[in-house]
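Reading through the structure tokens given below for one structure.
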């Protein structure tokens, strides 16, 4: 399925007062806003913008492309004392990091990313503006070079991939080494197979994986690759509800960071598979969906993101009807190289032919 075959319902810029989209701010702007926010924390009437599911919508963002976004910036809640203290603690750490000219990693700060998200919403800035690097577990391989300061690495040198850099800083330089597309895979095992078989040689590409549900760093990195290189992005996920949920996070953003979906999503990602229709057409070994997974399919079918794209909707309806699923590892039943030598070449040919 081509995510960009169906144009967004609305391609206009929305300027209504309730729409909330953060932006990159300078260090000075962030410091000033953080100091002002810190002073408000002791106010009994202090409130934060709600990021709960009831305050989410699927709509055109500032660039006219639909993603998940906050529905109403006037829908707020009064945080508990623990939440206020977590925000105060994070504000102090961020201001200190600016003064020391260091970028701490979230994993080392002994706090949750929720406080960061609340701060971003409150002062209207992107996560990258806060000078705190996310914890990134994703990896990248293929025809890409990464230069960080004086250190440069080619992403073909290791079959297990190179760590995805955190938010793009001014001292990080990416260079396309001949890639014609970006391939996003759900699992590290599939990534390793693609790298070991040097899939990027016959099909020049950059390969990345967020290793399951992608965190902020992996999603930001994919967004940068897509925007910088202007090449197609293809996605390969398990044929189950969890795989579709991961696809939706990459393509449309997540509820937790819907305030910054423009920088943390790739709305024109093309879904390569594994499609429910592939299970029958290619006789891929599959299993029955659990009752919980069937409930998740029903939930997905109600999402606006799914309803926007006929093929995704049709495939999910087929999954519900057949009640069958399969993971990427199931392809190994046809041999270790099935993914790289048969399945992906078949899907790419089908996709490109369908585009014509």
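Easy rule for this one: first residue shown is 1, then count along the chain.
Cβ atoms are placed via backbone N, Cα and C, with glycine included.
In TrEMBL, annotation is done automatically, which means it is predicted and not curated.
Annotated range for coiled coil in TrEMBL, selecting from 20-47, 48-75: 20-47. Non-local neighbours of the coiled coil (20-47) in the same chain are 61-62, 69-70, 73, 76-79, 84, 87-88, 91, 94-95, 98, 119-126, 128-131, 259-260, 262; each lies 6+ residues outside the stretch with a CB under 8 Å from one of its CB atoms.
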